[in-house]
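Structure first, commentary second.
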Amino acid sequence: MIAVPMISGLLAKARALCTERIAKSVISAGLCAPLFAYAQAQAVPDTLEQRLKACTSCHGKDGRAASDGYYPRIAGKPQGYLYNQLKNFRDGKRSYPLMSYMVGHLSDAYLNEIAAYFSAQHPPYSAPQASDATPAMLERGRVLVQQGDKLQKLPACVSCHGEKMTGVAPFIPGLLGLPRDYLVAQLGAWQTGSRHAAAPDCMQQIALKLQPQDIGAVSAWLAVQHTPAYVAPVSAAQLPHFKLPLSCGSVPE
């Protein structure tokens with residue numbers, strides 16, 4: 001398994017970064033206070049886009065992700081997947097205090113509205129991060145993603161996340177364009193039990209079989225893949241023979 005301090009360190013760094021952004025927003029608001037009287041004449045529109053600035057302050061404009069590497073791209077992810085994750089944060093199945101606080105009082109209907117908004121956004125992807133992974137490490141990652149490992153009874157990532165790893169709507173996310181540190185942290189969270197999904201929890205079953213070096217290899221390979229300008233998940237309805245290799249409670253059959 002991945003060492004817990006490593007995972008905790010990544011999460012703590014991400015939390016501090018987002019807290020700093022929020023603090024800067026508050027300070028800026030204080031400095032601009034003399035202008036508020038004038039600005040009152042220009043009322044802030046009560047739109048969903050305006051409300052979701054609380055989300056995009058960390059996840060980037062339109063949910064495209066910032067360049068820091070700690071927050072995932074949520075733009076264009078399947079609506080059902082985003083909805084499930086928001087509920088998981090709210091209901092304690094997924095642990096991240098800032099997210100849990102922000103969605104803790106929101107209804108299912110509002111969470112689904114948020115999920116629908118970000119699912120419909122398709123901004124360009126950023127260039128892949130530079131990597132110090134060795135060729136052997138990247139090759140091991142490619143094999144696990146595209147072929148799996150029969151000896152370890154690990155299915156290929158593409159068997160669930162789609163042939164091009166762009167996701168399968170409505171419940172399975174694409175894994176392209178995600179930072180290496182984020183991918184490592186999430187696989188570690190599945191292993192340690194700080195991230196859960198509906199039973200049977202297929203991702204936890206897979207994560208528990210992964211050796212630390214395999215988590216590093218998969219994360220490194222995915223993080224360096226180039227993506228086309230427009231990437232959208234394929235619909236499960238367009239894949240008549242699509243069948244998951246494991247029973248997965250978050251993906252109704």
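Yeah, the Cβs are placed from backbone N, Cα and C, and that goes for glycine too.
Automated prediction, rather than curation, is the source of TrEMBL annotations.
A quick note: this is a predicted structure, and the numbers were derived from the prediction, not measured.
As recorded in TrEMBL:
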- 39-122: domain 'Cytochrome c' (DOMAIN)
- Cys55, Cys58, His59, Met99: heme c 1 binding site (BINDING)
- 143-226: domain 'Cytochrome c' (DOMAIN)
- Cys157, Cys160, His161, Met203: heme c 2 binding site (BINDING)
What is the separation, in Å, between the Cα atoms of Met99 (heme c 1 binding site) and Met203 (heme c 2 binding site)? 21
Mind telling me which of the binding-site residues Cys55, Cys58, Met203 has the densest Cβ neighbourhood, counting other Cβ atoms within 10 Å? Cys58
Round to a whole number and give the Cα-to-Cα distance in Å for the pair Met203 (heme c 2 binding site) and His59 (heme c 1 binding site). 23
Within the domain 'Cytochrome c' (39-122), how many residues are helix, strand or coil going by DSSP? 47 helix, 1 strand, 36 coil
Taking only the binding-site residues Cys157, Cys160, His161, which one has a CA atom nearest to the CA atom of Cys55 (heme c 1 binding site)? His161
His59 (heme c 1 binding site) to Cys157 (heme c 2 binding site), Cα to Cα, whole Å, comes out at 24
